[in-house]
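K.L.:
Not my notes, these are from TrEMBL:
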{"type": "TRANSMEM", "residues": "64-85", "note": "transmembrane segment"}
{"type": "TRANSMEM", "residues": "97-124", "note": "transmembrane segment"}
{"type": "TRANSMEM", "residues": "136-158", "note": "transmembrane segment"}
{"type": "TRANSMEM", "residues": "170-194", "note": "transmembrane segment"}
{"type": "TRANSMEM", "residues": "206-230", "note": "transmembrane segment"}
{"type": "TRANSMEM", "residues": "237-256", "note": "transmembrane segment"}
Amino acid sequence: PDAHDPHPQTPGILETPGTLDLEEIMGDLSSYNDTYSNDTFLDYDATPCHNRFCPLFQRVAPPFLAATCAAAALATGALLVALAKRPQAWRWPQSRALVAQLALGTALFAALLPELAAGVAWGWHLGTGLCRLTHFLWHWSVFAQALLVASSSCGTAWARWDPRSRRLAVVLWAVALLLATPAALVSGVAAGTACVQRSVGILAPAYLLHLALCLCLLLLLPAGLLLAALAVPRLRASWATGAGLTWLFLGLWGPYGAGLAAEFLLQAGLLEPTCGSFEHFDLALGLSEGLGVLHCGLGPLAQLLARRC
């Protein structure tokens, strides 16, 4: 384990030179670059537990991120062209102002993927400052899109681009900027070559704040909006005209929010770790984050298809 990691070890894990504990599994798509040549062994009733996620991640993540970035660039470019050439076709609830801001968010997110892919493939050599800036921008994009989707589901603020909607846009992006700050505080470079999302203990105040914000925006917010839409007929009206496709973003990131909650419970010792949880949890968390990353390509494409239909 990394020398900088101050958190207590997960109960039941015997540390050996080849051991990878649950703290070191997937916390972010750029979290791992070190090669683990040996299998991982834990002693749960003398049963060997194997974790082969890191080699798999290093093989799959770089081409996945590169392909997603390319798809996002094409889809976002096509969406921006459609917004420019046919502005009259974009009306509430998928108004031009809202869709343009969502496209801006996905473009910012996709622009970070090449350096993350390079960091996974060849190691992070850009320093701690750029690592933290990358995580900051990553979360700023995600949080801003979540707030934009929520605001579009609760009224007609984006029906036109007027002073009211412009003020709302400034407020939402500023709030997302503030909420993304803890992500920069808890990220860092591990072992000199890996830009990780969490370089502090699981119970560090900054990480607890960051985790709470992620859970609020990626789990509690969509759950509250869904319940409100089911209870209020006026909110369901926007779904009938295609605004429900903007929920694609929240649906893709929801599993990752649940994964972060499960990781905290395991790391804090609130759930008893088992061979099964050790062998499969990091893979599930990695897949859920990969699902969220797909939003930057699928979101603009869904907006285009919805308007075309």
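Just so you know, glycine gets a Cβ as well, placed from its N, Cα and C.
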K.L.:
Using a cut-off of under 8 Å between C-beta atoms, tell me which stretch among 97-124, 136-158, 206-230 contacts the transmembrane segment (64-85) the most.
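P.N.:
Most contacts with the transmembrane segment (64-85): 97-124.
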K.L.:
For the transmembrane segment (97-124), could you work out the same-chain residues 6 or more beyond its ends whose Cβ comes under 8 Å from its Cβ atoms?
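P.N.:
Same-chain contacts beyond the ends: 29-30, 32-33, 57-58, 61-63, 65-66, 68-69, 72-73, 76, 79-80, 83, 90, 131, 134, 137-138, 140-142, 144-145, 148-149, 152, 158, 160-161, 165, 169, 189, 193-195, 246, 249, 293, 295-297, 299-300, 303.
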